[in-house]
Amino acid sequence: MANLGCWMLVLFVATWSDLGLCKKRPKPGGWNTGGSRYPGQGSPGGNRYPPQGGGGWGQPHGGGWGQPHGGGWGQPHGGGWGQPHGGGWGQGGGTHSQWNKPSKPKTNMKHMAGAAAAGAVVGGLGGYMLGSAMSRPIIHFGSDYEDRYYRENMHRYPNQVYYRPMDQYSNQNNFVHDCVNITIKQHTVTTTTKGENFTETDVKMMERVVEQMCITQYERESQAYYQRGSSMVLFSSPPVILLISFLIFLIVG
């Protein structure tokens, strides 16, 4: 924590020094330069007092001769011929309208990031989430027959588990127990609907497989949970808050 505080202090000093140098940089202009120290004086040979509004002589608002608001001949507000307010042919909108094309829907990146970080919430399962796909573990069941049966049928068993956020459970055992039950139930119902049935041997092996996968899922969730907690503790400490606040004050000021 002390090393982290030192690095934060070094970063703060470096940023503050850079801001100080930026403020001391001379502004462009001066004698014998391309810029002008006096805004009212143009380049040599040019008009020192151009008319206000950016137009030519006799142009009150930046348009051509007889153009009151910057449009072409007979254009009162800067549009093309027959365009009252600057749009295209038959358009009454601004210059950025393009033949009434519908705007494309924008993707909400916050929602996408939240779904990727927390897993996909499964509708109709009361807040359960579906974990990412896993490789089915190598398990020995104590007999050559069961081991061979598992190798031949492991593709029929789930490779993803259903779970709830770990902060809803008091310990790992409760998390794993609930995870195993809901995963086997959902997989059995889905598979039975397709016309495939499971034997007692299948159920026994699925329980072992899903249990190992639920333990792995708990370890992943636990690691992510503590990482989020550590980040919150770091940025909520008084020294870090003070440094960040002072840095923001220097940038804004």
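The backbone N, Cα and C atoms fix where each Cβ goes, and this holds for glycine too.
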Legend entry - C214 - recorded disulfide partner, Swiss-Prot, among C22, C179: C179
Inset, instruction - Whole-number Å only: compute the distance from the Cα of N181 (N-linked glycosylation site) to the Cα of N197 (N-linked glycosylation site). - result: 18
Legend entry - Position of peak Cβ density within 10 Å, selected from the glycosylation sites N181, N197: N181
Legend entry - Overall pLDDT of the region 'Interaction with GRB2, ERI3 and SYN1' (23-230), taken as the mean: 69
Legend entry - Where N181 (N-linked glycosylation site) falls in three-state DSSP terms: helix
